[in-house]
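Trainee: After the structure tokens below, expect a handful of questions from me.
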């Protein structure tokens, strides 16, 4: 078939316009040509202006949404106002240096003033920082980051990504930015990367592999795990994928991650403590270490938080039941030092206990405090007391070193309090996270004081002209060459919230993933099909309608 013809009316309109541009006609009627050109330029300018206005209108809406989160400082404690401003200034410094030296790269290397793609070039620091920028009211920085996400964030990469790290940092960061700003570009990007991760769950047991090629979908486990999946990796993707199903009304994401919990529930031990390695072919845990530190930690965290995310309804009760069982197991790992009676969480292999605790395990005091509210009064008091004891230990991980910054892990020799094991410090957030929860749940300002002391130690030892660096050694203070993305996503955010009113990002409306990305709580109904989001009506009206990380992390 030949090309379709224009209608006679269309034909005549186009001919009338075109003939004014024809050289013969121009010579006869130069005035008409001039009129046509002026009209054409004016029309082009008008359309361009409307497009520009549309973009400006979108950005103005984002700006209005950001400003609606501003804290009324006049009504707040002046000391909190001062400290919050100091933390915000630290975020501005970290972000400005990232923009200057590593824009769009995964992480900033402050010493060499460049960026490194430690996560395959997914803009990890930028995406991880979105909600921190939003929460702090840094609207211009947020808008620039938003434009990069919209125009430059590309997941079609021949890169073998960590399913866990990509989930908690990228999907978590995008979903949180969406929940806060209501900007659908973040939801669309979250869905894109989640679809690329989904083949990792295509195993005989449904326990996911931990590594996947983002372009080709080939999934596997690291060689150093002996082909096994890591507990914290497989058990710490629930919040993000459940939230994604809720926001997109597509159940496939939730089904994948909840099946993992169902499988683990079938053989859940009486003490609720699982070894850190699981066979993805059989779903059976392997003989290996039990830890609330690296490779174990956030599994237990997500059991509690999936219950909170579902608004504690009957349909998510099994999460709470599994978590309470695990907390009985946690209590069996508690030991105390002499002479100072510091409480700590042992690691366990078989029947043997090891007197070692990772700084990563310092998320546990906050988790215990958060979960204590689900118990009766007597039991709640016991768990809150344990949380406070462990927080004191974690705070002293910082206070007992020359730099007042914590090492990566600690040992507790007989007759001694604590000694640093691995001596590096990489700007980790876990202790500050627990101080945030304890302050929110007890109102005890001591936790604010501890957090301020830790912040000052970061400022003294980690701040450089080009960003923030970790330490190679907490005794000497020698700096490394990495500003971890979680410093902006977690450490500074929790510090900022530690000095903010409890109603700001309320724990009644938000649940934080293990990368400190707040996700809006949504009631889970028994049929699993309908959801109502806590506070969403108010949000729409306003918009006018650990963790389980390897040592390298």
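For all residues, glycine too, the Cβ spot is worked out from N, Cα and C.
What TrEMBL says about a protein is an automatic prediction, not a curated fact.
According to TrEMBL, the protein has these features:
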type	residues	note
ACT_SITE	165	active site, proton donor
ACT_SITE	297	active site
ACT_SITE	408	active site, proton donor
ACT_SITE	430	active site
BINDING	514	Ca(2+) binding site
DISULFID	362-394	disulfide bond
Trainee: Indicate the candidate from 408, 430 with the smallest number of other Cβ atoms within 10 Å of its Cβ, considering only these active-site residues.
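Mentor: Relative to the other active-site residues in 408, 430, 408 has the fewest Cβ atoms within 10 Å.
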Trainee: Taking the Cβ of residue 394 (disulfide bond) as the centre, count every other Cβ atom within 10 Å, in any protein chain shown.
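Mentor: Taking every protein chain into account, the count is 30.
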Trainee: Filter the recorded positions 165, 297, 408, 430, 514 down to the ones within 10 angstroms of residue 394 (disulfide bond), Cα to Cα, kept in sequence order.
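Mentor: Qualifying among 165, 297, 408, 430, 514: 430.
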Trainee: May I ask which of the active-site residues 165, 408, 430 is closest to residue 297 (active site) if we compare their C-alpha atoms?
Mentor: 430
Trainee: Pick the one among the active-site residues 165, 297 whose Cβ has the fewest other Cβ atoms within 10 Å in this structure.
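Mentor: Minimum Cβ neighbour count within 10 Å, taken over the active-site residues 165, 297, occurs at 165.
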Trainee: Compare the C-alpha of residue 362 (disulfide bond) with the C-alpha of each of the recorded positions 165, 408, 430, 514, and give the closest one.
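Mentor: Looking at Cα distances from residue 362 (disulfide bond), the smallest one goes to 430.
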Trainee: If you measure residue 408 (active site, proton donor) to residue 430 (active site) at Cα, how many Å is it?
Mentor: 11
Trainee: What's the CA-CA gap between residue 430 (active site) and the residue listed as 'Ca(2+) binding site' in angstrom, rounded?
Mentor: 10
